[in-house]
Amino acid sequence: MLPPVFLFLLLTLLSAADASVQDFCVGDISASDTPAGYPCKDVSHVTTNDFVFKGLGKAGNTSNIIKAAVTPAFVGQFPGVNGLGISAARLDLAVGGVVPLHTHPGGSELLVVTQGSILAGFISSTNGVYYTTLHKGDTMVFPQGLLHFQINAGGVTAVAIVTFSSPNPGLQITAFALFGNSLPSALVEMVTFLDDAQVKKLKKVLGGSG
């Protein structure tokens, strides 16, 4: 049996821990985001709308180079997910659409196909490759930080609902990171083993310079 003084201290600590629990921390998106998330909005200003997002029922605009659209319900659009370790998005892939190799440094991804077929996969840190064709109702998980992709694998628009283990999972598309910026072509050639003509062609397509 614990001595009375230790029992008292334990109960005090447990009471303090319970008292510090917050039901939620709706993000004050007028402030700056931080690695810990947005600061909490004053509870007196929180409304039901902070916990509701209505954008995932509408198709995104796929009239772009990759024929794909992502409609995010991240903390910037959906303040109620701030601090909850979760967010969502809608993915639309037109026929021929592709989400090129990319990563989400801040969270893992769970994708559920709701229409059409999607060829999806990821590459592990040991260069293991895991890919398959997903159909309506199929689900695939992409571990945090790993390169992965999605491609429309059918003759109709494909749609998926995606959830993340972070309110702000981040996004970096490899091709745009390499060729859509001002990194000098000579450096890109050295780190990719591509020749000058290939690098300049990709920079032109993806809006890069240098």
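If you go along the chain as it appears here, the first residue is 1 and each next one adds 1.
The backbone N, Cα and C atoms fix where each Cβ goes, glycine too.
Whatever TrEMBL says is automated annotation, not expert-curated.
As recorded in TrEMBL:
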BINDING   His102, His104, Glu109, His148  Mn(2+) binding site
BINDING   His104, Glu109  oxalate binding site
DISULFID  Cys25-Cys40  disulfide bond
DOMAIN    54-200  domain 'Cupin type-1'
SIGNAL    1-19  signal peptide
DSSP-wise, what's the residue breakdown of the domain 'Cupin type-1' (54-200) into helix, strand and coil?
22 helix, 57 strand, 68 coil
Pick from Cys25, Cys40: which of these disulfide-bonded residues has the biggest number of other Cβ atoms within 10 Å of its Cβ?
Cys25
Centre the Cβ atoms of His102, His104, Glu109, His148, go out 8 Å, and tell me which other residues of that chain have a Cβ in range of the Mn(2+) site.
Thr103, Phe122, Phe142, Leu146, Leu147, Pro169, Leu171
Cα of Glu109 (Mn(2+) binding site) to Cα of Cys40 (disulfide bond): how many Å, rounded?
25
Who sits close to His148 (Mn(2+) binding site): which same-chain residues at least 6 apart have their Cβ under 8 Å from its Cβ?
Leu101, His102, Thr103, Glu109, Ala120, Gly121, Phe122, Ile123, Phe142
I need the least crowded one of these binding-site residues (His102, His104), counting other C-beta atoms within 10 angstroms of each C-beta.
His102
